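A.B. asks: Encoded as structure tokens, here's the structure I'll be asking about.
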């Protein structure tokens, strides 16, 4: 996330393109306003149809006397598509399918996913064939190939999550899952652009333009699917016609019986499946060796105990490595240490000392370190794209880009995080609770920005939330200007609440991605009930998208319960958490 070379900033927007976009946006707002009545009618009719169907099924085989709701498939599709950012591509891509002659909103959503999957599946063949002429560009293209595969998995998972029961609407839990996975799929595609865009070569600039053009359809189609699930299925799920009945007590519905028993047994870290020790007193001397035992796509928890020591190795748990728990003897005793960095030729995405994609990852009492140093610029200690991942009593030590909360739902509790520029960044739905966040002295003439949030689509359910934490200097030599963060993308979302902010903070609080360029009005940056000498908001930035205070009701939207659905899965990770304010 280099200040100058990064492609990611909103400041890179062409002025003419921005004017055209604003004109298009105004036109779309008018269209949406007009079509809202139609859309509401479609939704009411869809729910009415479901209710009629259910009542009819429960009464008698004959339904001749029950009035049926008649809808125009074309009108339904148009109303649905008018809620998306790209209504034209939504309508044209779905209406071309034979199955589109329907008014079922869930089927229309699945068709939108189908066109997104078809488009993304063909994308790898469109990647630049001569990338091998530039070694760094080839590494960036490799990142693209990896994240496209992840995005496809998210799209397929979204189809599976809604089930196959006809005439019923998805449950709110299913909708939340799908919103998360589609948000991640969009983030994956954006990560490709980031990897190529951070390079500063002629070949990279040409490749970036080529890839952006080739990705336009896949990005729009995925965005359309996300808008439909957020604005249509999300509303329908509030009616009492769920496709899967949600459990209100006990373990969350996504856990199987075997997984529940294992979690009950292993919550106390008493029965590890593997023990790692540098001195040879365990089964393995390296973490990597122990992780080779993990079965792919296993619903069973696999736990690894890592004894005190510094383990110099890079770990990458792929998307098919599920439900791994790794724990040590303490965040200041057991460390995983690496030194990969951007300056030596590694894409930021691949610099992580420890990277995890597979769902259900848990880390406890362990530290993650990237010791490349400030002069090496981007150097990630930990990157997580693991859905429902938990980090409890962990430490993350680095300089620029220390902690990459890339995508999906994540929770950090009682953790220590040090760094300089953008040292908590990414586009996950992530909550940091009761953590110690410690900016450190950067290179001369540099500044510190704690966060850089990467939300690029308004319907993504993502953001960085820091709650009940402390923000204090690391060491006693911090003199560099220090800020709570800077907006990385057009819809960046960051909330600092109920935290203690030290005197280290510059009174303006936040800074723009591009100096002297105000962020888009579409960002959401807010503070709520903070304390300490740095919590005074009287001199804060005056951006349209910044809120120096928000209501209790607004703040509730960013709690563990509302933002990451924590009560459904955190109790089984044996981690403390506050679900509300």
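Placement of Cβ uses the backbone N, Cα and C atoms for every residue, glycine included.
Quick caveat, the model's predicted, so the values are computed rather than measured.
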A.B. asks: Please pick, from 378, 446, 529, the residue that Swiss-Prot records in the substrate site together with 348, 486, 488.
C.D. replies: 378
A.B. asks: Given residue 101 (N-linked glycosylation site) and residue 156 (N-linked glycosylation site), what distance in Å do their CA atoms have, once rounded to a whole number?
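C.D. replies: Rounded to the nearest whole number, the Cα-Cα distance is 23 Å.
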A.B. asks: Anything within 10 Å of residue 400 (site 'Transition state stabilizer')? Look among the recorded positions 378, 422, 486, 488, comparing CA atoms, and list what you find.
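C.D. replies: Those near residue 400 (site 'Transition state stabilizer') - Cα within 10 Å - are 378, 422, in sequence order.
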A.B. asks: Counting distance between Cα atoms, which of the recorded positions 200, 415, 486 is nearest residue 401 (active site, proton donor)?
C.D. replies: 486
A.B. asks: Could you check which of the recorded positions (156, 200, 348, 378, 422) sits closest to residue 217 (N-linked glycosylation site), going Cα to Cα?
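C.D. replies: If we rank 156, 200, 348, 378, 422 by Cα distance to residue 217 (N-linked glycosylation site), first place goes to 156.
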A.B. asks: Could you tally the C-beta atoms, other than its own, that fall within 10 angstroms of the C-beta of residue 200 (N-linked glycosylation site)?
C.D. replies: 12
A.B. asks: Rounded to the nearest Å, what's the C-alpha distance separating residue 477 (N-linked glycosylation site) and residue 156 (N-linked glycosylation site)? Just drop the number here, would you?
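C.D. replies: Cα-Cα, rounded: 50 Å.
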A.B. asks: Which value in Å gives the longest Cα to Cα span across the substrate site residues 348, 378, 486, 488 as recorded?
C.D. replies: 18
